[in-house]
Amino acid sequence: MGGRTRALATEGRGARGPHVRPAPPLASAATPAAPLAGGPAPAAAPSTFLTVLVPTALALLLCNMDRICLSVAIMPMAQEFGWPASLQGVIQSAFLWGYMATQLAGGSLADRHGGKLVLAGGIAWFSVASLLLPAALTPATVAAGLTVPAVLLSRFLVGLGEGVALPAMSNLVATYVPPGAKARALGFCFTGFHSGNLAGLILSPLLLMTYGWRGLFYTFGALGLPLLFMWLKVVPASPTIAQPAAPPFAASLTAAATDVAPSTDEAQAAAGAEPAPEPGPSSASAGGVRRSVTASQLLTSSATWAIIVVNVVNHFGYFIYLNWMPTYFNKALGFDLRSSSFTAFLPWLVMAAGSSASGFLADTLVARGVPVVTVRKALQSVAFLVPAVALLVLAQPGITPAVAVGAMTVALGTTSLGQAGFVANMSDIAPAHAGKMFGLCNTFGCLSGIVGVTAVGFIVEATKSFAPVFQLTSALYVAATVVWNLYCTADKVFD
């Protein structure tokens, strides 16, 4: 909106009415340099949607393909190596050990050096680590009794590489996307993220039956090379000062928002004052130097803790779904391996669609004048309370497979609204530190994921049922909703 105001600058300072001086072009990948006198006009800059959001969505898609493939491969691997349910839970949690370790570091590095470089390193790392798992399980390794340590190490390394992905995404969205389109952009990126589950669940059983479980890891690991090449070629280097223009897909929403209320620049221009510069999320603060905010300072705010509580509960449920859903359909409902994987596809399909829908819904409500904090609280409450009811249905004895699949679909599909709730709220309260905030909150979330994924194995082995798991998760959803509505704020807390 500020850019439109500058474009309407009048000729000369003696003109009547609102006026401002035109601003110089932004030094970013989204704005071309001014042409030389008499020279040809520069080519139109590629859109942020195509150069940032689409590549980010694809990178997150491959992340989740490499992550979810073990949930399918674990069944034939357990049969081959004789792993009980409790050990399967420990093995599946190994990913989260590494994933948790690089959340905060990844966010801090992304805020300092840009999301492009950090995520490029992550793609290379987790792809190589995926290739290591089948390569490490040689006959010599098996004969030496080192099978479990080799698998644990490999999955730990995969998690180590993938841990930087979402913090880097948060930095990229905060850097390139204006506030009025933030939830929509996050929703699009998370659609790619959850689509990785879809692709993994479709391809994994097919690859497994054709090439065995080893071929599954080789295939997904090898896909990292073309993705890395595309990423380095397409994604622009992060700007150091100003925020680029809105991506085309958000332009209509931004325009609608500017019709509701004038921007700060317009108000200053109407008063005859020169507008203030437009700092982006990565811009300098007063005096030209952005203040550094440490993780311990972020933890001093109740708003941060509200996000952490919700993130902890969200991860507890999410990683149980991610790692145990095919096993649940196989063991509890009697589906074969292929049917278990394909049946688990439907909930993730709805979740992927819901991620984009949540962003559109949130940004539309804000553009129509609904307070941001109201949108964040309402969507997050629905994202937890509806799944809480669905999980209580799953906990009932004797339900049919159709009811079980329907309840799981409702639970996962509705939790996707949280992308426009607690996830978007991270850059509400700390826009200049979005990567670090995401990494900090996700570190706590990953810890709960480790506990949840591991605990499920022991609970199922002891009770022969998934019902206690569903009941516990339902109770946590309700408790987190209460905390969220008490302490959530949409005000900027950290500059």
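Glycine is no exception: its Cβ is also placed from the backbone N, Cα and C atoms.
Ranges compared are 66-89, 90-113, 402-425, and TrEMBL records transmembrane segment for 402-425. Here the domain 'Major facilitator superfamily (MFS) profile' (52-492) returns a mean pLDDT of 83 for the predicted model. Comparison of 156-178, 185-209, 215-232, 378-396, 437-460 by number of C-beta pairs under 8 angstroms to the transmembrane segment (298-324) places 437-460 first.
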